[in-house]
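**Q** Here it is, the structure in full.
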Amino acid sequence: MFTTRQITSIAKRAFSTSASSNAAKVAVLGASGGIGQPLSLLLKQSSLISHLSLYDIVNTPGVAADLSHINTNSKVTGHVPQNDGLKEALTGCDIVVIPAGVPRKPGMTRDDLFNTNASIVRDLAEACAQHCPKAHILVIANPVNSTVPIVAEVFQKHSVFDPKKLFGVTTLDVVRASRFVSEVKKISTNDAKITVIGGHSGVTIVPLLSQSGHSFTEEEVKSLTHRIQFGGDEVVKAKNGAGSATLSMAFAGARFTNSLLEATVGGKKGIIEPTFVKSDIFAKEGVEYFATNVELGPNGVEKIHPVGNINKYEQGLIDAAIPELKGNIVKGKSFVSEVKA
Ligand SMILES: NC(=O)C1=CN([C@@H]2O[C@H](COP(=O)(O)OP(=O)(O)OC[C@H]3O[C@@H](n4cnc5c(N)ncnc54)[C@H](O)[C@@H]3O)[C@@H](O)[C@H]2O)C=CC1
Ligand SMILES: O=C([O-])CC(=O)C(=O)O
């Protein structure tokens with residue numbers, strides 16, 4: 001006869017060794033990089049992932065072998081371009097996260113990365129459209145304001161575009177905003193929930209501090225807004241030529257991926273994350289993609305939240321963001337359509 005304690009222990013073991021049937025295949029493209037490695041490490045901890053598929057042009061066999069020894073239930077595979085590696089990495093994927101591409105050096109804007117990263121993202125999107133056309137695509141590679149439209153155009157070219165399944169990952173802006181506000185107000189980050197809308201570069205990043213439930217002096221609003229908009233530059237400067245944010249981005253990327261997993265395979269309702277998606281909010285102004293809070297559901301975007309109540313200062317920030325955002329989006333779209341012609 002088993003004691004109650006023995007039965008509980010056997011049940012716990014059985015539970016923890018069987019992979020969840022509600023689990024997804026997730027690919028990380030650019031998995032050997034500064035973001036790719038810690039992001040993959042964080043994703044290896046998810047019980048909602050059955051297969052973590054790591055692709056990069058170099059070093060993924062080593063990264064995959066290393067991660068595969070961690071005793072969580074997901075299988076880890078590493079792929080390189082040889083032997084149809086990209087096809088193998090993507091086939092059957094539910095979610096593809098793309099941190100592939102070069103990072104900034106001091107003095108560069110995110111837009112300066114366009115020349116290198118646009119074609120990397122375009123080619124990876126081509127492969128996704130062919131091998132996992134129904135997957136959710138999470139774009140981290142900069143400039144996000146342009147790389148998201150690039151993915152959309154490629155998917156449209158293949159007639160497989162579903163706007164509910166394409167996300168620019170802007171979570172780091174919200175993570176930073178929460179941390180910076182918590183420092184200024186001397187409160188827990190749990191009590192510093194800051195909505196950040198717009199895009200993901202400089203003035204296109206628009207924090208809505210007035211919606212936070214906290215009061216700020218004019219001085220605090222100005223300095224916090226500037227710090228949130230240019231937080232990426234702080235890291236680029238501090239790394240002094242060795243790249244941009246990687247660890248905080250891995251944290252933010254894992255947060256967004258985990259939220260999407262919970263909303264899709266996990267079946268959870270009411271999960272809201274900020275993200276840069278195809279949106280009607282400023283369509284009249286010619287801005288086809290815009291980040292606001294988005295409720296995630298089984299098919300990706302469930303509901304795009306409106307901007308909500310804002311003050312005059314924040315309206316000024318949006319007015320300044322719109323033309324730049326519009327230019328970034330057009331640049332991404334034309335990059336694909338010019339090649340198409
Ligand atoms: N959305 C956001 O909030 C953030 C975006 N980023 C962006 O993420 C990107 C990656 O940054 P890091 O990881 O620091 O750069 P990294 O240079 O450390 O890693 C990039 C990886 O991409 C790989 N790669 C290059 N071409 C590839 C291809 N065709 N297919 C697959 N993999 C390829 C490289 O081999 C490398 O391992 C940059 O564009 C950076 O600007 C960075 C921080 C925040
Ligand atoms: O600043 C960069 O180039 C990387 C990035 O997007 C960020 O840290 O927000």
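Each residue, glycine too, has its Cβ placed from N, Cα and C.
It should be emphasised that the depicted structure is a prediction, and the values quoted were computed from it without experimental measurement.
Copying in the features that TrEMBL gives for the protein in this structure:
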- 25-168: domain 'Lactate/malate dehydrogenase N-terminal' (DOMAIN)
- Gly30, Ala31, Ser32, Gly33, Gly34, Ile35, Gly36, Asp56, Asn117, Ile140, Ala141, Asn142, Met249: NAD(+) binding site (BINDING)
- Arg104, Arg110, Asn142, Arg176: substrate binding site (BINDING)
- 170-335: domain 'Lactate/malate dehydrogenase C-terminal' (DOMAIN)
- His200: active site, proton acceptor (ACT_SITE)
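What does the local environment look like for each feature on the list?
**A** Note on Asn117 (NAD(+) binding site): other Cβ atoms within 10 Å of its Cβ, all shown chains, come to 23.
Reduced to three states, the DSSP call for Arg104 (substrate binding site) is coil. Every protein chain shown contributes to the tally, and the Cβ of Arg104 (substrate binding site) ends up with 21 other Cβ atoms within 10 Å.
The domain 'Lactate/malate dehydrogenase C-terminal' (170-335) scores a mean pLDDT of 98 in the predicted structure.
Within 10 Å of the C-beta of His200 (active site, proton acceptor) there are 28 other C-beta atoms, taking all protein chains into account.
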**Q** How big is the Cα-to-Cα gap, in Å, between Gly30 (NAD(+) binding site) and Arg110 (substrate binding site)?
**A** 18
**Q** Do you know offhand how many angstrom separate Ala141 (NAD(+) binding site) and Arg110 (substrate binding site) by C-alpha?
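**A** Cα to Cα, Ala141 (NAD(+) binding site) and Arg110 (substrate binding site) are separated by 10 Å.
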**Q** Please count the residues of the domain 'Lactate/malate dehydrogenase N-terminal' (25-168) that DSSP assigns to helix (H, G, I), strand (E, B) and coil.
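**A** Reading the DSSP string over the domain 'Lactate/malate dehydrogenase N-terminal' (25-168) gives 64 helix, 28 strand, 52 coil.
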**Q** Taking the centroid of the Cβ atoms of Arg104, Arg110, Asn142, Arg176 as the substrate site, which other residues of that chain lie with their Cβ within 8 Å of it, listed in sequence order?
**A** Pro103, Pro143, Val144, His200, Ser201, Gly232, Asp233, Val236, Ser244, Ala245
